[in-house]
Amino acid sequence: MSSGGLLLLLGLLTLWAELTPVSGQDRPKFCHLPANPGPCRATITRFYYNSDSKQCEKFTYGGCHGNENNFETKDKCHYTCVGK
């Protein structure tokens, strides 16, 4: 195979890896935890991965404790639990 063909193949494999969503088995375990606002009383908008709907959804975080399924932005949630 020529060097141009190898570069094309490498480029296609890289593109495929970037566009392939994360499978349920590849997600961090905390992505399957329910939203947990914690015991504090702040009203901070955060996002969590809902494993039933398979989407990142908004919830109100109280500001302390909770769990790791708690993201400042929908993009961070999506990148971590849905895929790149």
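Including glycine, each Cβ sits where the backbone N, Cα and C put it.
Annotated features in Swiss-Prot:
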DISULFID  CYS31-CYS81  disulfide bond
DISULFID  CYS40-CYS64  disulfide bond
DISULFID  CYS56-CYS77  disulfide bond
DOMAIN    31-81  domain 'BPTI/Kunitz inhibitor'
MOD_RES   GLN25  pyrrolidone carboxylic acid
SIGNAL    1-24  signal peptide
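Sequence-distant contacts of CYS40 (disulfide bond), defined as residues of its own chain at least six apart whose C-beta falls under 8 angstroms from its C-beta, comprise GLY62, GLY63, CYS64, HIS65.
Its Cβ placed at the centre, CYS56 (disulfide bond) has 22 other Cβ atoms within 10 Å. Residues in the domain 'BPTI/Kunitz inhibitor' (31-81) partition by DSSP class (helix H, G, I; strand E, B; coil) as 10 helix, 15 strand, 26 coil.
Each of the disulfide-bonded residues CYS31, CYS64, CYS77, CYS81 was scored by how many other Cβ atoms lie within 10 Å of its Cβ, and the smallest score goes to CYS64. Between the alpha carbons (Cα) of CYS56 (disulfide bond) and CYS81 (disulfide bond) lies a span of roughly 8 Å. On a Cα basis, CYS77 (disulfide bond) lies 9 Å away from CYS31 (disulfide bond).
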